[in-house]
């Protein structure tokens, strides 16, 4: 009897000392680890992205508890928002009336119609796109076709738009183009009068070009380097001129990359916020700035309706980008440095028209790209009597003696770093899981692809409104309870939603590039899918994961759109919000000093990205 009882107990106990039921549970967990991780990732994305976006949709499409298109219709039929198109949206089927309106317009000599706030936003985005492409394409040509000292550094700097905060760039342009700024001082040296372009459309377009021309150059350089020069030589041997070979062979291979860069630029500048807020204000308000104004006026329903219209337009344009994204890498051919021509093979080459044109382009680049950042740093250490540290002393005095309601520098730095750390804790695991699922395919692939791309079409302002309404104000629960989170937690959620797509887009190529035979060998030796992922795939893809984490940290530190909404009235402000507050007080010196501190912090992320590689953005 004793022997039988002992055998029964041994049967119920695993060889590793665990009860059989517990061993089976552990085996089930091992087999389904990735599935469970995917479920957790979906829940996280639902909280940080889907829920706030849904709250904005509900706010805009539900009136008195019933679905209604009235708020959206109110936006589309208001001449303030859509100008001359208001009548078209109000009566879309009144073709006769619309034709008579067109005839009347022709009789009046085709005066320039107005298209309201949305039309102006699209107009400045179009101008910014043209300027960005015009500045980016020559840079792509130089980087792809010439070899020169510092080329790799210059190419690396094209990643800066992803890590430099917009409000900091606005401060740089403010310092550069102010009446007493370096640009007007240089004009004075050559006998030209001062140029006042602050608070104008021109400076906004220039600032947008600062951000997006490097993006166009980066995408186009990759495509240009992958062009097989043998195809050009073949066309030339068949009698094609240099111009014809360029138009017929090179341009078709570059077009997808150029169009992808142009479409992305349009989306980014259509949703512009901090640059217009700082350099244009309400006089040159875009949709994002007006949404922020509505929030400040506590018109959350009006802000939500306008946000839905903006998001719909962004999604429509982003769909065009997705069409070209898969074709923008050219042939995938590895560039050969020997095919690049020395930029300055001799001193005599400097007087060639092509080299003089490149030199002129370099001067423009210095003014548009180097000037603002250098001007900000210079302004932070300059006073009426020369070099000074008084602006930094002001920050220290504000920290020591500032009132409770005033913005202090140390809490801004501390909050930025803490939020960045919390963002990494959320965005990196979530992004890696989504990246693994995207690479492996299978069920839910389309959903994950949508979740990895959708945040690009939804602005931080929209997320900020949704998080404010959905989490900060609270979600109703049974029993007259409400689930609320603090502004700090909502800020981390907004930062994670903005950052995790960059983790996905850096980690996915690295994971997809792992030799599958190594994974299969680990599986053959008894490793589970999860163990093979942790022990084989992720260690080999660590550079992509680290680059994605660096992107996430940089985006969190520089995020302004949602943070300025969620930090209002509290002590959860960050460095970009502090910069905006100092600039709003018309105290340029402290704003540039705080901006320089922000530059130093974000530069660390840039160094990490460049050292380990930039994944899809490299």
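Quick reminder: no glycine exception, Cβ is built from N, Cα and C everywhere.
Looking at 273-293, 483-503, 504-524, the range annotated in TrEMBL as transmembrane segment turns out to be 483-503. Feature transmembrane segment, per TrEMBL, maps to range 245-270 of the set 219-244, 245-270. Below 8 angstroms of C-beta separation, residues 34, 37-38, 40-41, 44-45, 48, 448, 451-452, 488, 491-493, 495-496, 499-504, 507-508, 511, 533, 537-538, 545, 548-549, 552-553, 555-557, 574, 601 of the same chain, each at least six residues beyond the ends of the transmembrane segment (417-436), sit close to that stretch. The transmembrane segment (591-609) makes no contact with the transmembrane segment (483-503), as judged by fewer than three Cβ pairs under 8 Å among residues 6 or more apart in sequence.
Among residues of the same chain six or more beyond the transmembrane segment (538-557), those with a C-beta under 8 A of the stretch's C-beta atoms are 162-163, 165, 416-417, 419-420, 423-424, 427-428, 431-432, 495, 498-500, 502-511, 513-515, 518, 574-576, 598, 601-602, 605-606, 608-609, 612-615, 617-618. Here the transmembrane segment (483-503) has Cβ contacts under 8 Å with residues 44-45, 47-49, 52, 162, 415, 419-420, 422-423, 426-428, 430-432, 434-435, 452-453, 455-456, 460, 463-464, 467-468, 471-475, 477, 545, 548-549, 551-553, 555-556, 559, 562-563, 566-567, 570, 572, 574 of the same chain, all six or more residues outside its ends.
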